[in-house]
Ligand code: ATP
Ligand code: MG
């Protein structure tokens, strides 16, 4: 029994299309949040309490009561998918598809605004949005004159610094000298400035610029700000806990009307703030009442998503965080008891994949749709084992937000061709295609092109033409470049006459790009040609080439339209706001979840964010959550023993059922842990690729005293500084302080 429904459409159960009946399906608090249309409003509530539903219904309510026209509401969602769902839902409530909505992610909305005012920041409205690869290439070029030691200060790190500045709304002029001390010997700000200038020359911007430029325009151009104040009567924001500073500034600028009023409604949950690594500031929630005086705060306490056990387990876990506003969460479901959350110990990561897939298969046989199941992983590397197993067993699945179709080589090459077609000044794209397929353009020829482009202040393609005309480029190379330029010209004419689909086919054929893959003998080549076909199919869905390119730049999700019901695999971060009947949570082991990086560098704050992520994971489940931990895991070529995640200890026993599939017996956590933990004593890092730790019944965990000297196979010698039931905290001489399972440690 399968359905073709995509997974996770939390809010969009069918509802009557007209009248006020849409309000009847809400509880009194939700209703209050919808009927308080004017003035600032914050809905602060736990997972699954209907925050997103409130926002969507509020959108429809404003329209149905005639308070605003569809284009006078600004609605911000966290993903493109959520925007799509909200658009459909509003359409259903209104009885016809709503047009011209300002509804989307922060980035999509800003891209649209920036196209309208591009000249204000020295761009034209056809500017290109660069992806990470292009950004890096550009930054490396820009960095050159400073002769920065890139071993010590690698370009990706510097790009990260620049991005964080952008997240905080800091243009190069706003970066103060005190901000600019640690990176690249204090040159980071100067490089940032040069990078921004270069982007302007290319008529391009990166992702961070979309928000940064628009916020800067709103800050400095009162006329433009006034236009938007007149336009947007209502502002709605989902997942407010994950807004970063520049997003917050943008919202505040738009929301605060000249007379001080603000019709802004934000919904969020501080316990689900999981993007601080991308600059999100949960303090924005706390500041809301200060920023918008007279703000009303509504709390929703009834959870309509999950069973009592799922909620109990999640609540017990998150209670271990100190930095919380604190909220009550009750189950609002009648069938709420449900099954306990399962915690399953398995031998190793292969066994984990096998067990998850077998369970998914058997649940499907019992009548559950695969579309209602998800595997939520902490890190991308975890998906491979599941994918292999799913392919073997023939269970259809999709990687949501993972395999990026638009990032495959052949797609990126083609997009570069299309970008040059769309915008001849796009030098980064031109550089990518000029020698793909091979046209004999080596580094020397490229240097000549660059030098000429610089001296004439022209794009590379124009420089190429000049060099052909004055016969600097000649011979075979000259011929080939001249053919490329002629093909591009002919394609532009065709584009105007026949449209972008025909033009793209022509360009790929005439440029020799398709032939390049046809002649390629590698096993991937046929797949690449298929991908190119698929790209052309995708192009046909857009009215113009420009709109298609913008879509590609913004959309991170892989095709979602396959008809068959599929199991979803995605990261915990990507699962925010979604829900499924059955959720598999694999890899709950120290070093995987919480992640090794958090354990090494994150401190208490990092650990709390990981715990919030665990909370997000469990609360995605409606009916059943299954948590897995494996006794060993393959990291690159080696098998490494692993210990169960500390989060497993924090789950309240009354809401969970533990099971050990690794050994024959059903075991309590204590023995399960010791069983799996036996590995490191026999197996140290540098383990041979095939050797697995030998689980054996563990001796009773030895008792440790504070101050005792101990040894760990990996971290060396140290002193015990704290002890609890299963764990010992040790200050190691070389490796800092670690909390470890006692059976890992040897007394000295
Ligand atoms: P999250 O914090 O995970 O984003 P949320 O607070 O946004 O969750 P929603 O996704 O809006 O919660 O709602 C959770 C589920 O509860 C959805 O399936 C929704 O349709 C349902 N729901 C919300 N309110 C009600 C209600 N009053 N009656 C019945 N079901 C409801
Ligand atoms: Mg939500």
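Glycine is no exception: its Cβ is also placed from the backbone N, Cα and C atoms.
Because TrEMBL annotations are produced automatically, they should be read as predictions rather than curated entries.
Look at TrEMBL and you will find 24-307 tagged as domain 'UvrD-like helicase ATP-binding'. Under the heading ATP binding site, TrEMBL lists 45, 46, 47, 48, 49, 50, 51, 52. Residues or ranges marked as domain 'UvrD-like helicase C-terminal' by TrEMBL: 308-577. What TrEMBL records for 679-701 is region 'Disordered'.
Within 8 Å of the centroid of the Cβ atoms of 45, 46, 47, 48, 49, 50, 51, 52, where the record puts ATP, the same chain has further Cβ atoms from 267, 269, 300, 303, 305. Other Cβ atoms within 10 Å of the Cβ of residue 47 (ATP binding site) number 26 in total over all chains. Comparing Cβ neighbour counts within 10 Å across the binding-site residues 49, 52, the minimum falls on 52. Proximity of the binding-site residues 46, 47, 48 to ligand 1, judged by a Cβ distance under 6 angstroms to any of its atoms, singles out 47, 48 in sequence order. Taking the Cβ of residue 48 (ATP binding site) as reference, residues of its chain lying under 8 Å away and at least six apart in sequence are, in sequence order, 303, 304, 305, 306, 579, 619. When Cβ atoms from all protein chains are considered, those within 10 Å of residue 51 (ATP binding site) total 28, not counting its own.
Confidence annotation: the domain 'UvrD-like helicase C-terminal' (308-577) carries a mean pLDDT of 85 in the model. Residues distinguished by a CB atom under 6 angstroms from ligand 2 are absent from the binding-site residues 45, 46, 47, 48, 50.
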